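Feature annotations, reproduced from TrEMBL:
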type: ACT_SITE; residues: H115; note: active site, proton acceptor
type: BINDING; residues: C123, C126, C177, C180; note: Zn(2+) binding site
type: DOMAIN; residues: 1-275; note: domain 'Deacetylase sirtuin-type'
Amino acid sequence: MIEELTELVRARGVVVLEGAGMSTGSGIPDYRGPNGSLTRHTPMTYQEFTGSAENRRRYWGRSHVGWEHFRRAEPNEAHRAVAALERAGFVTGTITQNVDGLDLAAGTREVVELHGDLDRVVCLNCGEVTSRAELAVRLREANPAFDARVEELNALNPDGDADLTDAQLEGFRTVPCRRCGEDALKADVVFFGENVPKERVERSFELLDAGNSLLVLGSSLAVMSGYRFVLHAAKTGKPVAIVTAGPTRGDAKATIRLDAPLQDVLPELRQRLGV
């Protein structure tokens with residue numbers, strides 16, 4: 001199948017759709033793999049976050065710790081491969097479901113961050129957008145003993161959330177929006193139960209319609225926000241290649257299917273294409 005994949009990419013016009021499996025090589029776990037975070041962790045929904053100040057406090061306490069580890073992650077061979085394929089003209093756009101910013105860090109230029117980016121924070125009341133780094137400073141100032149108390153990270157999740165106990169979270173304080181003063185700050189990422197912004201979806205379909213094929217990397221396609229692009233590609237007659245370890249929701253729609261880790265496939269693909 002690597003030969004068929006090579007020829008598909010060689011034809012150019014490839015649009016890449018990425019899932020959490022892209023970033024496992026950077027130390028960020030996936031959701032649904034054998035050791036995925038959903039085996040031990042239920043992500044907070046948008047409705048839970050907006051409906052309770054206590055839930056927001058718990059979220060920001062866990063996320064504050066998790067982000068300190070998350071932000072140190074670096075692009076891996078999979079990210080570098082996609083960037084190299086784009087530079088060589090084989091890939092025309094990337095749609096990522098990840099919120100780690102590692103595609104841009106690797107040098108990929110045409111990226112739709114479908115689910116947002118943890119590096120940004122938005123106020124749900126006034127719309128002010130600030131950097132996560134700035135918020136981290138404010139949270140450290142508001143909780144001077146917290147980082148020292150939480151010395152050991154139990155586990156990190158794909159959304160940057162860390163597994164902390166109630167005892168570890170005790171006394172953690174959130175901070176309000178600097179512009180409006182409301183307790184309405186939210187990481188600029190799409191929570192479970194929240195809709196993907198319309199403009200990101202539209203831009204993704206534009207990329208797909210302008211491309212020749214869809215290459216799915218590291219996604220189980222379990223959620224419709226990513227799976228719909230597979231359905232659209234198949235409906236419009238574009239070939240779909242899926243490279244993911246383990247079964248995916250889109251396997252029946254795949255023209256080419258490689259059940260293998262990305263770190264095994266993408267370096268060989270680069271070598272075959274000379275990039």
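Note: Cβ is positioned from N, Cα and C throughout, glycine not excepted.
The average pLDDT computed over the domain 'Deacetylase sirtuin-type' (1-275) stands at 92. If you draw a 10 Å sphere around the CB of C177 (Zn(2+) binding site), it holds 19 other CB atoms from the protein chains shown.
The Zn(2+) site is set by C123, C126, C177, C180; from the centre of their CB atoms, other residues of the chain with a CB within 8 Å are L124, N125, G127, E128, P176, R178, R179, G181, E182, A184, L185. Reported as a whole number, the C-alpha separation between C126 (Zn(2+) binding site) and the residue listed as 'active site, proton acceptor' equals 21 Å.
If you take the Cα of C177 (Zn(2+) binding site) and the Cα of H115 (active site, proton acceptor), they are about 22 angstrom apart, rounded to a whole number. Its Cβ placed at the centre, C126 (Zn(2+) binding site) has 13 other Cβ atoms within 10 Å.
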